[in-house]
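According to TrEMBL:
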type: DOMAIN; residues: 97-277; note: domain 'FAD-binding PCMH-type'
type: BINDING; residues: PRO129, PHE130, GLY131, GLY132, GLY133, THR134, SER135, GLU261, GLY262, THR263, LEU264, GLY265, VAL266, ILE267; note: FAD binding site
type: SITE; residues: ARG312; note: site 'Important for enzyme activity'
type: BINDING; residues: ARG393; note: substrate binding site
type: ACT_SITE; residues: TYR454; note: active site, proton donor/acceptor
Amino acid sequence: MYDESLPVPSPRDPTAWGTVGDALADAEHEAVGLMLSQRFGADTTWRSSDAPHELQAPRVHAPDPLAHLTSDVTEDRLLHAVGRSFTDMVALRETGVRHAPDLVARPRTPDEVEAVLGWCADAGIACIPFGGGTSVVGGVTAGVVDGPVVALQTRAMDRVLEVDTTSRAALVQAGATGPSLEAQLRPHDLTMRFFPQSFEMSTLGGWVATRAGGHYATRLTHIDDLVESIDAVTPNGRWSSRRLPGSGAGPSPDRMLLGSEGTLGVITSAWVRLQDQPVHRGGMSVTFDDFADALAALRPLVQSGLDPANCRVLDPGEAYLNGAGDGTRAVMVVGAESPAVPVDADLSAMAELLADHGGEVGTVRIRGRQLSTRDGDAADAWKQAFLRAPYLRDALVDHGMIIETFETAATWDRLGALVERVRAATASAVEEVCGQGIVTCRITHAYPDGAAPYFTVIAPGRRGARASQWAEVKQAASEVLLAEGGTITHHHAVGRDHRPWYDRQRPDLFATALGAVRAVTDPAGIMNPGVLLG
Ligand SMILES: Cc1cc2nc3c(=O)[nH]c(=O)nc-3n(C[C@H](O)[C@H](O)[C@H](O)COP(=O)(O)OP(=O)(O)OC[C@H]3O[C@@H](n4cnc5c(N)ncnc54)[C@H](O)[C@@H]3O)c2cc1C
């Protein structure tokens with residue numbers, strides 16, 4: 001687990017999640033295997049962590065002036081070959097990786113970024129901007145690109161360059177990971193308060209490029225809300241916007257880069273909005289007979305103006321998997337926090353509202369003080385499980401499981417039907433493709449006009465066939481999700497994996513306009529080919 005005293009997590013296993021020391025211990029690993037074989041009655045004891053990687057030899061060499069910024073070391077290239085989707089993990093830990101970037105470039109300044117992009121454009125080499133490499137949608141996959149590839153790794157630019165305590169904003173370089181940037185803000189008693197589950201490894205540039213969503217389910221959920229201005233280097237020059245708290249001056253240059261997924265240029269830094277560290281905190285867990293009841297209570301809560309700081313709803317299966325329930329009831333985890341005023345009254349009002357809508361209110365905690373008690377503390381259990389989940393996922397991959405998530409968002413009028421139809425279609429595909437498995441759902445983000453359901457699939461896979469098995473399940477789920485009026489992604493981005501559905505979701509004229517912008521910023525078409533466009 002992330003240690004706050006570490007500025008940058010290290011060392012990293014190129015084929016696993018996070019830091020080596022935080023991987024599951026052997027005994028935990030065995031216990032997971034036993035639990036899986038009991039649950040699924042399948043042979044889940046085989047280990048898959050000795051994948052035969054045979055990387056193609058580098059096809060290009062950097063010119064002398066850039067040689068000191070580039071690496072063709074095999075482990076380095078492997079670390080930059082794929083992201084961290086389930087399919088990537090299977091390649092890294094079972095079937096092996098064949099195609100990696102020919103070179104990894106580590107520019108330290110915008111000038112050096114410009115030099116790398118200039119060389120790539122002149123030589124016709126594709127460039128994939130690479131932050132933490134935690135993409136779960138094929139956003140950094142080198143093997144699908146024709147011809148030579150340079151992965152442009154941004155982690156050498158990881159400083160908080162300036163803090164404006166008056167406006168409460170900071171200029172942060174794109175390669176700063178979550179722990180690194182929060183550690184640099186802490187002396188100022190300020191926080192960005194943006195905690196995606198991949199916080200430990202992902203970077204500010206990656207968050208901006210993918211329009212990432214944080215752990216907080218309400219208020220400022222997306223990185224979009226936290227960006228004041230952006231600096232980027234494109235193959236055709238610099239793109240720097242003006243720092244403003246808001247502006248009505250035409251279409252926003254920042255909005256164009258938010259979600260650009262490395263296709264327009266390399267984001268090198270951004271001014272981001274900060275907040276005071278919260279002093280007053282509280283939380284509670286509330287249980288409901290079933291998920292539909294919990295959703296019916298969530299809507300009035302987020303439309304009430306009570307403004308919870310967090311609010312996640314777990315279906316019974318999800319609650320059980322995360323140690324927040326016994327698998328018979330749905331659980332809502334609600335948080336309140338403020339840097340200035342006590343949250344007791346707000347929490348009490350929220351508890352009353354949820355009880356009026358059929359919720360059974362459990363433990364209510366105010367800054368560690370317990371106001372009322374019931375068995376256990378689902379909120380704490382859920383948070384711990386949330387942070388530990390990526391490490392656990394590696395163990396499930398090793399034990400031969402298919403383990404993957406997908407997410408969407410929809411307005412309240414269609415949300416209930418969407419959840420049930422997507423769940424049913426996914427469960428039926430899982431049964432057909434894998435014979436058995438479980439499909440769970442939680443609500444990760446909630447808005448006055450809708451919410452974001454997030455599905456998890458766990459099923460025993462067939463040795464050597466898990467990637468194609470998952471592709472079949474994902475295809476079935478995505479078709480229903482789009483037909484039911486959802487988005488193909490609420491915060492995981494488009495990458496290469498979501499292209500078939502993204503292309504149908506966006507207006508055709510918008511796709512043409514985006515292509516025209518790209519033709520200006522990147523005339524040679526070298527930036528992350530196959531993502532969003534082309
Ligand atoms: C276990 C796990 C948990 C996750 N949890 C969340 C979550 O809670 N919320 C969420 O939103 N996502 C989550 N993700 C997905 C992923 O972490 C996000 O998409 C994240 O924003 C990617 O950041 P990164 O630095 O790792 O970017 P990368 O994976 O390196 O790159 C992602 C995309 O952005 C581009 N890019 C990266 N840096 C730059 C740059 N400086 N300039 C231009 N383009 C750039 C890349 O080319 C690529 O297209 C999770 C992933 C995993 C594996």
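Yeah, the Cβs are placed from backbone N, Cα and C, and that goes for glycine too.
All TrEMBL annotations are machine predictions without curation.
Feature annotations (TrEMBL) mapped to structure.
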residue : record                             : Cβ contacts under 8 Å, 6 or more apart
PRO129  : FAD binding site                   : LEU152, THR154, GLY205, ALA209, GLY262, VAL266, ILE267, MET527, ASN528
GLY131  : FAD binding site                   : GLN153, THR154, ARG155, ALA174, GLY175, SER202, THR203, LEU204, GLY205, GLY206, ALA209
GLY133  : FAD binding site                   : LEU79, HIS80, VAL82, GLY83, ARG84, VAL140, MET201
SER135  : FAD binding site                   : GLY83, ARG84, SER85, GLY206, THR210, ALA493, GLY495
LEU264  : FAD binding site                   : ALA232, THR234, TRP239, MET256, LEU257, VAL517, ARG518, THR521, ASP522, MET527
ARG393  : substrate binding site             : TRP17, PHE86, MET89, ILE403
TYR454  : active site, proton donor/acceptor : THR405, PHE406, GLU407, CYS441, ARG442, ILE443, THR444, HIS490
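Across the annotated binding residues for FAD (PRO129, PHE130, GLY131, GLY132, GLY133, THR134, SER135, GLU261, GLY262, THR263, LEU264, GLY265, VAL266, ILE267), the two most widely spaced Cα atoms sit 20 Å apart. The secondary structure of GLY131 (FAD binding site), as reduced to three states from DSSP, is coil rather than helix or strand. Per-residue confidence over the domain 'FAD-binding PCMH-type' (97-277) averages 96 (mean pLDDT, predicted model). Residues from the recorded positions list (GLY131, LEU264, ARG312, TYR454) with a C-beta closer than 6 Å to any atom of ligand 1: GLY131. According to DSSP, GLY262 (FAD binding site) is assigned to coil rather than to any helix or strand. DSSP assigns ARG312 (site 'Important for enzyme activity') to a strand.
Using a 10 Å Cβ-Cβ cutoff, GLY262 (FAD binding site) registers 25 neighbours.
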